[in-house]
Amino acid sequence: MVHLTPEEKSAVTALWGKVNVDEVGGEALGRLLVVYPWTQRFFESFGDLSTPDAVMGNPKVKAHGKKVLGAFSDGLAHLDNLKGTFATLSELHCDKLHVDPENFRLLGNVLVCVLAHHFGKEFTPPVQAAYQKVVAGVANALAHKYH
C-alpha cells in the first residue's frame with residue numbers, strides 16, 4: 001500500500017496518462033541494464049547487450065520494458081493493494097528467476113529519472129516525490145515473497 005495524498009495521486013495519474021509506455025519502458029529497462037550491468041545476467045537470452053547502443057537498440061529490451069511498464073500501470077490502478085497486484089510477479093521473480101529484490105528499487109529509481117527526462121519542468125519536485133513513493137511501494141510489493 002502506498003500512502004498518497006489526493007493531490008499526489010492526482011499528479012501521478014495525470015502524468016502517467018501522458019506516458020508513452022513503449023518508449024519509456026524500453027528506455028528505463030535499457031538504462032538499468034547499462035548503468036547496472038550486472039542486471040544483464042537475467043537477460044542473456046536477449047542477444048547483444050555488449051554496448052550501451054546495443055542495449056538501447058535491442059528490440060527484446062524494448063519489448064520487455066513495455067511489459068514491465070504495463071505491470072507498473074496495473075499497480076497504479078491498484079495503489080491500495082500493491083502486494084496483491086504484484087503477488088504473482090513477486091513469486092515468479094523470487095522462486096523461479098531468483099532476481100535480487102534490490103533490482104526492483106534500482107529500476108524504480110531509473111524510471112523516475114527517465115520520467116524526469118521526458119517531462120522536464122512538468123516533473124516538478126512534488127511530482128517526483130509522489131513517484132518516489134509509488135516506485136518504492138511497487139519495489140516492496142515485488143520483494144514481498146522474499147520475506
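Placement of Cβ uses the backbone N, Cα and C atoms for every residue, glycine included.
Swiss-Prot lists V2 with the feature N-pyruvate 2-iminyl-valine. Counting Cβ atoms from all protein chains shown, V2 (N-pyruvate 2-iminyl-valine) has 20 others lying within 10 Å of its own Cβ. Annotation note: V2 (N-pyruvate 2-iminyl-valine) sits in a coil segment as assigned by DSSP.
The feature N-acetylvaline is assigned by Swiss-Prot to V2, with similarity to another entry given as support.
Taken from Swiss-Prot, the feature (2R)-2,3-bisphosphoglycerate binding site applies to V2, H3, K83, H144.
Swiss-Prot lists 3-147 with the feature domain 'Globin'.
Shown in sequence order, the list is empty: the chain has no residue 6+ apart in sequence with a C-beta less than 8 angstroms from the C-beta of S10 (phosphoserine). Annotation note: S10 (phosphoserine) sits in a helical segment as assigned by DSSP. Annotation comment: Swiss-Prot describes S10 (among others) as phosphoserine.
All protein chains shown were included, and the count of other CB atoms within 10 Å of the CB of T13 (phosphothreonine) stands at 14. Summarising the annotation, Swiss-Prot assigns phosphothreonine to T13 (among others).
According to Swiss-Prot, the feature phosphoserine maps to S45 (among others), an assignment based on a large-scale study or a structure entry. S45 (phosphoserine) falls within a helical segment according to DSSP. For S45 (phosphoserine), the Cβ neighbour count at a 10 Å cut-off comes to 6, with all displayed protein chains included.
Here T51 (phosphothreonine) comes close to no residue that lies at least six apart in sequence on the same chain with a C-beta under 8 angstroms from its C-beta. For T51 (among others), the entry in Swiss-Prot reads phosphothreonine, with the evidence type a large-scale study or a structure entry.
Under the three-state DSSP scheme, K60 (N6-acetyllysine) falls in the helix class. Annotation comment: Swiss-Prot describes K60 (among others) as N6-acetyllysine, evidence class experimental evidence.
Under the heading site 'Not glycated', Swiss-Prot lists K60 (among others).
The heme b binding site annotation in Swiss-Prot covers H64, H93. A 10 Å cutoff on Cβ-Cβ distances gives H64 (heme b binding site) a total of 19 other Cβ atoms nearby, all chains included.
Taken from Swiss-Prot, the feature N6-acetyllysine covers K83 (among others).
According to Swiss-Prot, the feature site 'Not glycated' maps to K83 (among others), an assignment based on experimental evidence. Around K83 ((2R)-2,3-bisphosphoglycerate binding site), taking its Cβ as the centre, 15 other Cβ atoms fall within 10 Å, counting all chains.
Annotated phosphothreonine per Swiss-Prot: T88 (among others), in sequence order. Cβ-based neighbour count (10 Å, all protein chains) for T88 (phosphothreonine) stands at 11.
As annotated by Swiss-Prot, site 'Not glycated' applies to K96 (among others).
Per Swiss-Prot, N6-acetyllysine is recorded for K145 (among others).
Looking only at the recorded positions H3, K60, H144, the densest Cβ neighbourhood within 10 Å occurs at H144. Residues V2, H3, K83, H144 are the ones the record ties to (2R)-2,3-bisphosphoglycerate, and the longest Cα gap between any two of them is 17 Å. V2 (N-pyruvate 2-iminyl-valine) and T13 (phosphothreonine) are 14 Å apart (CA-CA, integer value). For the recorded site, T51 (phosphothreonine), the DSSP three-state label reads coil.
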